[in-house]
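For reference, the structure is listed below as structure tokens.
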Amino acid sequence: MEKFIVTIFGIGLIAGIYWFFFGKKDKITEVHGSIMITVEGGYKPKTIKVAKDKVTTLIFLRKDTNSCLEDLIIPDFKIKKFLPMHTPVTITLSPTKPGKFNFHCGMNMFHGTIEVV
Amino acid sequence: MTKVSFPIVGMHCASCARLIEKKLNKTPGVATAAVNYGSEQATVNYDSSVSTLGDLGSIVSSLGYKAVIATESGKTSDDIKEEIKKKELLNLKRKVTGSAVLTILILLGSLNHMLGSLIHALPSWLSYLELPPAALLILTIPVLFWAGREFYLATWSGLKNRAASMDTLIAIGTTAAFGYSAALTLFPAQMETLGFPMTMYYDVAAVVVTLILLGRFFEAKAKSHTNDAIKKLLHLQAKTARVLRLRSSRPELAEGPPSTMGEMIEVDIPINEVVVGDHIRVRPGEKIPVDGTITEGTSSIDESMVTGESIPVDKKSGDRVIGSTINKTGSFVFRATSVGSQTMLARIVKMVAEAQSSRAPIQRLADTVSSYFVPVVLMLAVATFVGWYVFGGFAAAFTNMIAVLIIACPCAMGLATPTAIMVGTGRGAGMGVLIKDAESLEIANKIKAAVFDKTGTLTQGKPVVTDVVPPTILPIAAALEKGSEHSLADAILTKAQGMSLANVTNFKAIPGQGISGTIARKQYVFGKPKKSYPQLEEQGKTVMELSTGNTTLGYIAVADTLKPEAKEMVSTLTKNHIHVWMITGDNERTAAAIAKQAGIENILAGVLPDQKAEKIQELKVHSSSFIAKQNEKSSSVNHEPSTVNRIVAFIGDGINDAPALAAADVGIAIGTGTDVAIESAGITLLNKDLRSVVSAIKLSRATLRVIKQNLFWAFGYNIILIPVAMGILYPMFGVLLNPALAAFAMAASSISVVTNSLRLKRVKIN
């Protein structure tokens, strides 16, 4: 009986972990001109929509001591920035082609997406 | 009035912002000040003659906050990063030392419980070190919540965002070990009644935190060296410049040499105050501060630090000099043409930094895996617990679950490619090989055909006189060429240097024929020969005849000579299974002569500049024999395009070659720093030495080898050790993984990836 309960509980926990990490729907934030992205346990907002051929300013503000988040990398735009704690870091993009472009932390554990339309 | 913006650190609420704003507005000289709590930024309009930026910083500090003023002491963001990193490393060292001491005490205090009856095999005094559970609990608290605080903070902020990282795994693993042990310590009777085994895991929690912190310390130390190349380049920069100024005031920025501008004095000024047009004096042994053109004097300049060219280059008036290179012998004055972010060094640094931030296609798999990795490991840990609980028991289930959480190492996967790219591109910059992005570096490893432009790339690009028959005709030909704009005129005038040249009257250029003119009442024609010179023409030489009336006086042969290292380079590439091609607008005969000297068998002759890109495209999809036949114009041969695209590199000097550089899979611009070439080329070679092409390919191969080793290690490590930690070997071999060993393996795996990438600094390339 005890083993049965542990098994059921374990299966439930696995399903819960799956739902918690993979079941969330990312809210897409449309950016007109500029946006502040808070770096705290990931990127908030995580998915942003920007216009093609327009200059967009992203201001990253790191509030998390996790050293993984100290580097911000946007590979498709060849951008790598060090984010000092509590210091806004401004990045200007002028995307010329549409698509989804990822950005992530130094060790590629936290991710965000720039959707160019 | 000066407007300045700076970040403010330490604000907790909007009222902090109002407080700072109020205080700044009351500061003498400040017209307006606004502090934004959301962006944590202050914007101040102030009179710099009344208050300085430093004063504003002090006002903010006096209120208990910190203004991050980068320009305060001339610090760049790199300096700030370096400072922060140093502090972090020091802090990490303190934590590692503290937690190591406590962990040793915890381990010794737990020996009895860890070893059971085996303790009798050890010296008897060790058993006296045994500590009661309450003492172990007290010793473990600082290890976890002081030394390991960052793990918990990171986990918490991640979970709030429904995201997980490496820290999540460590925090959950150690919290489980600590929490269970604490429950046994605080409520022993109740736990025993509930049937929980009385095994403590304080040692596991403490060892895991200490070992992982130790790993992070070594990893941080190693990582700080991955970017040495950029630091080295930045240190090349001179700090001051000796600028010539008019004695009375700053000179008007003039085009001419300073000697024509009145009485001058030399003033040492900081490099960031140099403006385009300044005249700067450089003495022997000094660094050239910025890019420019020599206006007075000659010298020999060591450009190795920027171009990788080991032999000093002789420069004279009119020649370009590169900032940060070293003046060896002469003293000269030059006019600044690029300063600040426009100098070649600044552009190199920018390009290297950009390349280091780009993504190599090989990284895609690691990217995908790492986005699912941590949650999947959490699920596997739960499955391990359930499996072992059902078929083993609580103790084994609990230990193995912790081992799974601790052994999983997503860091190694995340670091595998970027660290190698960083070290690889940095190493390239040190050799004068500038790589535009990680993709170019990756593709260069697969080059199957290398197409070289002839003029200026395989050859010196400057025709020289090779034969003068008879020698007496040279001064006459040179006198005639004085007025000519023909590209070969330079070669003849150079050959005739030092000779006294007669005056020419009635000079005329005859299109397609040559030039004519009268010297001492005698009419001469110099140009296209009336007869052919097969022997000279087969050697790729251009022949010009000098005649007067119907009498031919002699001929002069001119040729563009092959670079001395070309043959060696071609043979090295061939040995490395790369087909070498030569592309040129010259006729077949001239092209064949140069190709023969270089040892090149494949020639694309008679190709107009705008057709080069098209030919490169053809080479990518057709077989070599097809192209060769096409070139011979035997269209009867019908070869289908090969199904596999082969990787083709085009190597040109960047002048008029931009379309071909862009059309190739890898465009390699050689001996140039022009924007167009850098933009179109994947790889830019700053020196003109053809052996750099081989170096670039070898660098690419070495970097890719390291990336593959890293990825193999990082994936292999997780694929093999996670199942081992789950206990997959137990049924057959009785092998289980101790969580402490798992922590050691985890720490070692990230360090080994970074160390392997650093190996690229020493790998033999040349």
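Quick reminder: no glycine exception, Cβ is built from N, Cα and C everywhere.
Quick look at what TrEMBL lists:
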type	residues	note
DOMAIN	B:2-68	domain 'HMA'
TRANSMEM	B:96-119	transmembrane segment
TRANSMEM	B:125-147	transmembrane segment
TRANSMEM	B:168-187	transmembrane segment
TRANSMEM	B:199-218	transmembrane segment
TRANSMEM	B:372-391	transmembrane segment
TRANSMEM	B:397-417	transmembrane segment
TRANSMEM	B:711-733	transmembrane segment
TRANSMEM	B:739-758	transmembrane segment
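Only residues 6 or more beyond the boundaries of the transmembrane segment (B:397-417), in the same chain, are considered here, and those with a CB under 8 A from a CB of the stretch are 165-166, 169-170, 172-173, 176-177, 180, 201, 204, 208, 212, 219, 360, 362-363, 366, 369-370, 373-374, 377-378, 380-382, 384-389, 438, 707, 710-711, 713-715, 717-718, 721-722, 724-727, 736-739, 742-743, 745-746, 749-750, 752-754, 757. Comparing B:168-187, B:199-218, B:711-733 for CB pairs under 8 angstroms to the transmembrane segment (B:372-391), the maximum falls on B:711-733. The transmembrane segment (B:711-733) shares more Cβ pairs under 8 Å with B:739-758 than with any other stretch in the list B:125-147, B:168-187, B:199-218, B:739-758.
Tallying C-beta pairs under 8 angstroms between the transmembrane segment (B:168-187) and each of B:125-147, B:199-218, B:739-758 places B:199-218 first. When the domain 'HMA' (B:2-68) is classified with DSSP, helix, strand and coil residues number 23 helix, 23 strand, 21 coil. A Cβ distance under 8 Å defines the sequence-distant neighbours of the transmembrane segment (B:199-218), meaning residues of its chain 6+ beyond its ends; these are 89, 92-93, 95-96, 99-100, 102-103, 106-107, 110, 113-114, 133, 136-137, 139-140, 143-144, 147-148, 151, 170, 173-174, 177-178, 180-181, 184-185, 395, 398-399, 402, 406, 739-740, 742-744, 746-748, 750-751.
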